[in-house]
Amino acid sequence: MLVEHDAPLAPLTTLRLGGPARRLVTATTDEEIVETVRAADAAGEPLLVIGGGSNLVIGDAGFDGTVLRIATRGFALDGTLLELAAGEVWADAVARTVDEGLAGIEFLAGIPGSAGATPVQNVGAYGQEVAETITEVVAYDRVRYETVTLTGADCAFSYRHSRFKADPERHVVLRVRFRLTDAGGQSSPIKYAEVARTLGVEANRSVDLRTAHDTVLKLRAGKGMVLDPEDHDTWSAGSFFTNPILTDTQYRAFQDRLGEVTAPAFPAGDGRTKTSAAWLIDHAGFGKGHGSGPATLSTKHTLALTNRGAATTEDLLALAREVRDGVRAAFGVELVNEPVMVGVAL
Ligand SMILES: Cc1cc2nc3c(=O)[nH]c(=O)nc-3n(C[C@H](O)[C@H](O)[C@H](O)COP(=O)(O)OP(=O)(O)OC[C@H]3O[C@@H](n4cnc5c(N)ncnc54)[C@H](O)[C@@H]3O)c2cc1C
């Protein structure tokens, strides 16, 4: 177990932002994770768990407590059942399941970060989300002081949300179990129109697994959504805002504002409608590359807020507030941040 003091956190995040941790512990076994959490809790010490740092906005003042970096490894396949240690690199694990000819997470290719963080915000992309395949999450429960196994239903997954995100002080994920599908080398049915269009097939058809995986990677790279240290468009936390889900009343008010213009709209259950945050940002006047300071919108995707190299967290938040306020003024819709804020708020 590696313990460092006054350790910079910015290099551990994909935004490369944030001040130092008073104490940084890197854990490579489940036992080290549990031991570190128990010791911090017993001492009443603030604790921040980080995996790949790809969904975190850490304040410039850093974190006055213990930061626990999860660096466990483990990829175990038993038939179609997959168990990943929390610290496994997610994108590598996805590629390995494709090599094994198993479908279920192939459209989640190229998403940065760790396996243990995927249940936290129910990671999803291109018509697939981990809620569809997670059967169990093994976690240390900081209220019961023991390791527990939660079923997929216990995780209360919804769009970019789960019980882990709702109650972040309670569970530290140790292992995640998935049930994949052996479809003879074929992918899951394609649900995302852009993927179907790119492959020249109809929606709900399957294609060769490797083709599905590689197509998603290519689409993501074109939007700056695959990490590349040389490309500042990928110095981001991915999508900065979630797609707004509007109640019937909110949706009607939104339509009144739009007049003759048509915005993307998808049914989101219970009479609610999901619209596109990227569309709102763009149509509120914030195009690709917007901003002249050290933090700007990505030149490839309006939804990604990026550090051009010399930004501070405050620079990024100023840009985020400008975009959020501009969308509210133009459309009356409130954008909500997707990344987890540490020591700061929008
Ligand atoms: C270029 C880019 C593209 C992205 N594309 C997508 C996308 O398509 N879809 C999508 O859903 N997300 C996307 N993201 C966001 C991000 O990659 C995911 O949310 C990812 O799962 C975060 O993993 P991480 O290990 O980096 O988590 P971190 O950023 O380290 O942590 C995120 C949160 O999870 C908590 N956490 C981390 N590990 C654990 C654990 N073991 N136990 C308990 N809590 C934990 C942290 O405390 C924090 O609250 C993207 C990000 C980037 C930079």
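Cβ from N, Cα, C; glycine included.
Feature list (source: TrEMBL):
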- ARG160: active site (ACT_SITE)
- SER239: active site, proton donor (ACT_SITE)
- GLU338: active site (ACT_SITE)
- 17-183: domain 'FAD-binding PCMH-type' (DOMAIN)
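Features recorded in TrEMBL, as mapped to the structure shown.
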residue: ARG160; record: active site; DSSP class: coil
residue: SER239; record: active site, proton donor; DSSP class: coil
residue: GLU338; record: active site; DSSP class: coil
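Cα spacing between GLU338 (active site) and SER239 (active site, proton donor): 7 Å, rounded to the nearest whole number. Summarised as a single figure, the pLDDT of the domain 'FAD-binding PCMH-type' (17-183) averages 98.
Rounded to a whole number, the distance between the Cα atoms of ARG160 (active site) and SER239 (active site, proton donor) is 11 Å. Taking Cβ-Cβ distances under 8 Å and a sequence separation of 6 or more, the neighbours of ARG160 (active site) in its chain are GLN121, ASN122, GLY124, THR242, GLU338.
With a 10 A radius on its CB, SER239 (active site, proton donor) counts 22 other CB atoms from all the protein chains.
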